[in-house]
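Pulled from Swiss-Prot:
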type: BINDING; residues: S289, S574, K783, T826, T1071, S1072; note: DNA binding site
type: BINDING; residues: R560, H731, G740, K745, S840, R846; note: RNA binding site
type: COMPBIAS; residues: 27-37; note: compositional bias 'Low complexity'
type: COMPBIAS; residues: 38-50; note: compositional bias 'Polar residues'
type: COMPBIAS; residues: 301-314; note: compositional bias 'Basic residues'
type: COMPBIAS; residues: 506-518; note: compositional bias 'Acidic residues'
type: REGION; residues: 27-50; note: region 'Disordered'
type: REGION; residues: 301-321; note: region 'Disordered'
type: REGION; residues: 488-518; note: region 'Disordered'
type: REGION; residues: 491-552; note: region 'Accessory-interacting determinant'
type: MOTIF; residues: 179-183; note: motif 'Exo I'
type: MOTIF; residues: 864-873; note: motif 'Pol A'
Amino acid sequence: MSRLLWKKVAGAKVASGPVPATGRWVSSSVLDPVPSDGQPQSQMPSSENGQLRLNPLHIQMLSRGLHEQIFGCGGDVPDEAAVQRSIEHLRKHGLWGQPTTPLPDVQLRLPRLFGGNLDQHFRLLAQKQSLPYLEAAASLSEAQLPPQPRKWVWAEGWTRYGPEGEAEPVAIPEERALVFDVEVCLAEGTCPTLAVAISPSAWYSWCSRRLVEERYSWTSQLSPADLIPLGVSASASSSTQQDWQEQLVVGHNVSFDRAHIREQYLIQGSRMRFLDTMSMHMAISGLSSFQRSLWMGAKQGKHKTQHPTKRGQKSQKNANGPAISSWDWMDISSANNLADVHNLYVGGPRLAKEPRELFVKGSMRDIRENFQDLMEYCARDVWATFEVFQQQLPLFLERCPHPVTLAGMLEMGVSYLPVNQNWERYLTEAQSTYEELQREMKKSLMELANDACQLLSGERYKEDPWLWDLEWDLQEFKQKKAKKVKKTASASKLPIEGAGPFGDPMDQEDPGPPSEEEELQQNIMAHTRLQQLKSTTDLLPKRPQHLPGHPGWYRKLCPRLDDPAWTPGPSLLSLQMRVTPKLMALTWDGFPLHYSDSHGWGYLVPGRRDNLTELPVSPTEESAAVTCPYRAIESLYRRHCLDQGKQQLETQETDLAEEFLLTDSAMWQTVEELGCLDVEAEATVESSGLSQPLVPPTACAPKTSQPTYHHGNGPYNDVDIPGCWFFKLPHKDGNNYNVGSPFAKDFLPKMEDGTLQAGPGGARGPRALEINKMISFWRNAHKRISSQMVVWLPRSALPRAVTRHPSFDEESHYGAILPQVVTAGTITRRAVEPTWLTASNARPDRVGSELKAMVQAPPGYVLVGADVDSQELWIAAVLGDAHFAGMHGCTAFGWMTLQGRKSRGTDLHSKTAATVGISREHAKVFNYGRIYGAGQSFAERLLMQFNHRLSRQEAADKAQQMYAVTKGLRRYRLSDDGEWLVKQLNVPVDRTEDGWVSLQDLRKIRREASRKSRWKKWEVVTERAWTGGTESEMFNKLESIAMSDTPRTPVLGCCISRALEPSVVQGEFMTSRVNWVVQSSAVDYLHLMLVAMKWLFEEFAIDGRFCISIHDEVRYLVREEDRYRAALALQITNLLTRCMFAYKLGLNDLPQSVAFFSAVDIDQCLRKEVTMDCKTPSNPTGMERKYGIPQGEALDIYQIIELTKGSLEKRSQPGP
């Protein structure tokens, strides 16, 4: 049945009855667990020299025992010519003959494998795991569904509707497959309000108790009773996963619906799995981020023009981006929302989404009053999702034919994060710390504003480098005319006379302690003056003035007296105001910040003289008010140079700051975001012969008016500041963008390295800047974090392993968060989730950054996981190795990935850093950026972002040097027309040994051809390739896949999105396509791991479940007693997954250095390293002292084998 179904739906070819190698493989016909022979698995016999294996390039491979168990006896003999070619290549790049240290061999008896090879093994495992769900999906997609009910029942719980619309209450929909949709009244919290489901046999509706029963208020804490029951009714405390029925739930963005299902919060998990039509759409016809912006722009302009080409021409004319010549992809793709996806796959009238606004903005009363209409809306969405699913399923199985893809996505869809009462404590502590720091910052800013206001005395503000251009106009004190002129005049002089001007000697004299008579006289005089003052109240205007005598900018910061939220002082001041950077006296490399309406935030560089002559000889009051104190700015910069140890106003070579702390998902997200900005313009370069960097914006000043001692983004001389040039602050997306706030998170690294700092005088400015940095994480993320849906489990819902554990506390709370992971949220099929998959690691200067550590295992359980070491780098390297000479490590890139050592400077990042003269951390970003398809212009932008002191030309030179050494030089093979032109025109051409010609020769040929035959366009190139670099072969392989007729991942054969296929995009979007090859292969890697782990957990009765995968790391929730066996399972999984990659690429071997995880983490919480105490401003004492969580264990393969005796069998497991 399984093979027939897969052949029918997926077109998978499964060989029947392969002959297994003796003692190594189990026949593919055996899908049930292999019976034990009653003996524990023993380790491989050890021999001192018989196990060590080296390939011809002196790279240590798997031990003989492991190699024979996985790949069989013997092996491919490498071609001698290929070996010599590899040696010469490595010698050219200074890597041949480098000393290496062999690793101890791993002696391990693996579980017996299915099928005749690794591919069949994984195929059969995945078929077994996904078959029940595939059968359910097939039956659902082929079913004739019953008609929709005409009227929906107003009743708590589930209602089933028969074929004739008859309604009956049911406990749960006992169906194998459902299309499901949940709606939530957001005004009432996250509790589900109503739901609709459909199966092949019936419609179902569900209403919450909060909808049916009217109460004044409901508790905000959610329990399982508030959620939707959808699984088999069983006692949660005694059930295991095997007690649940296998069910499939289909939905659009189904992770949202899953978060409202009761059984999904149980620790043991269930056998319900989820298929997301949004994820399937991304895999079939998803859009890259750049395509999505084009698609949205075209959609918004549809009423203006209907022809895509015209839209494209318009975009080319108006946009700063690349010229898009092919628009066919727009007809076979869409955005991700259900309405657009339904329109793409099904067509017909557009879905009406207006009723959804009632759930977003309305109250529960509104929903009750519109119950039938809203149920109808929800049912329409369910029906639309079913229609989309019918069209998608065969397309998905055709384009992702390997069963591992489906099985991996099903497993990815059941992420689970356990939490306890520490979660609420974390939220409280982080918010209170944030508010306390915010109050301190507010106080510092208000004091800065009060101090700045004092500069009005003596017009000292005119010499201030920051405050000179603020509104210093004063509002005069107004009063009514007095009836009795003489008395009023004499009386009105008294308070003024007594007040005296600021700094008057009368106020500063100290005559000593007064006598009793003097005190009495003073009291009488004070009483008299008070009475006189009271008598003048009638002179006040009817509407009181707002702070007369204070400058205009200060008055705007103070609330009016009639404001209900009035507080004294400049309490309206915040970081979002433009005056704040000026009050804090912010400087950029010693230059004062300045705001321009046309260019945003920048800074003033003194020394300009060409605009000083334009100053009026006798300036008016207005012009004097805006005269820049350029001499004060010069003095400010001189002091900065002295403080920094600079003797002259000249640029000094400085080390790059380590501002990019790139860890876990931040690495690839940062690079991918920047890489998307890069546009491949190779065709233009080839035809035009222009390879110069981009011309600076026209707004920049001519060379005759720019500073010699400073260069940056500018100068922009349309900002005419006498005596100064205006330079823009660098924007992360390029110089054409304006900076809206210097307090944005992109400038935090510049605050840390001292480039952006508060000015001289006092500690208030620097402290406010420091606090801004500390609260930045919580300010940006607290809404997402605080709105996480936490469901607390009653004791009856906890398994015995928890309640009987010694550390179980009756007073504590235990619950879970279900991260709403979109299993394929990008065109690379990467998972997407806004909070957990983007969470950074704990930092001592970031409030709330200990977020991940709040995921804590319940008593009796631990979190077991590991990071895949250099996942994308190894995938790209092994692709290049297989392409070049068919040996591991035969390219310089592959050798550095496998054998490179940071201590010797031979690893990839150290080599790149040494080549360009940058830090190793920055080199990581460039290396990943190239692999993701980013070109040289990306490197130029990134170099200037890392080091803003670089000129554009310096950045271009460094980038060119980096790409010449790594990616190599572009070479071309001439077509028949090209060869004919060379002969006919007698064009001298230098060729390599392989017949390649350079870009310069190609331009020469084209120039001569266009001169002799003006109107004919010659196709002179038949093939392009990179040569001479450490990564040339790898890029040639990536580009050959990306430019093939139907790009597929090399291991699992998944197709690229239809919107990026060469037939519809021609030569466009190459960055996205090359990026897809590596990242989509990394998703294949993850899916293989998930399938292998599920097999080993079931085969050897390891009590655990999948928790989450964050980019290249996986975490499992495991019973404490099974923790070491789970760690061994992870190591075996990594070994088999890497071997699967090698096998599919024709490399029947694997280097020892990448076979196993460097360490498997066993911990009670989720953190990057088991030794991290996660100290932050909101957790100053650390995890152990505050939350009672000790350090975990990090075990390598040798330690794990020692603890488990190399066996996954339970009886061999040592006690804790």
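Glycine is no exception: its Cβ is also placed from the backbone N, Cα and C atoms.
Projection of Swiss-Prot feature records onto the structure.
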{"residue": "S574", "record": "DNA binding site", "contacts (Cβ under 8 Å, 6+ apart)": "K442, L445, T580"}
{"residue": "H731", "record": "RNA binding site", "contacts (Cβ under 8 Å, 6+ apart)": "Y737, N738, V739"}
{"residue": "G740", "record": "RNA binding site", "contacts (Cβ under 8 Å, 6+ apart)": "G600, W601"}
{"residue": "K783", "record": "DNA binding site", "contacts (Cβ under 8 Å, 6+ apart)": "none"}
{"residue": "T826", "record": "DNA binding site", "contacts (Cβ under 8 Å, 6+ apart)": "M282, G286, V832, Q1079"}
{"residue": "R846", "record": "RNA binding site", "contacts (Cβ under 8 Å, 6+ apart)": "K773, M774, S776, F777, W778, S840, T1176, P1177"}
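Across the residues annotated as binding DNA (S289, S574, K783, T826, T1071, S1072), the two Cα atoms farthest apart lie 41 Å from each other. Here the Cα atom of R560 (RNA binding site) is found 46 Å from that of S289 (DNA binding site). Distance between Cα atoms for T1071 (DNA binding site) and K745 (RNA binding site): 27 Å, as a whole number. S1072 (DNA binding site) sits 26 Å from K745 (RNA binding site), counting Cα to Cα.
S1072 (DNA binding site) is surrounded by 28 other CB atoms, counting those within 10 A of its CB over all protein chains shown. With the fewest other C-beta atoms within 10 Å around its C-beta, S840 stands out among the binding-site residues S840, T1071. Its Cβ placed at the centre, R560 (RNA binding site) has 11 other Cβ atoms within 10 Å. Between the CA atoms of S289 (DNA binding site) and K745 (RNA binding site) there is a gap of 22 Å. Residues listed for RNA, R560, H731, G740, K745, S840, R846, cover a largest CA to CA span of 42 Å. With DSSP classes pooled into helix, strand and coil, the tally for the motif 'Exo I' (179-183) is 0 helix, 5 strand, 0 coil. Using a 10 Å radius centred on the Cβ of S289 (DNA binding site) and all shown protein chains, the other Cβ atoms total 13. Its Cβ taken as reference, K745 (RNA binding site) is surrounded by 13 other Cβ atoms within 10 Å in the chains shown.
Here the motif 'Pol A' (864-873) is broken down by DSSP into helix, strand and coil counts: 3 helix, 4 strand, 3 coil. H731 (RNA binding site) falls outside any helix or strand according to DSSP and counts as coil.
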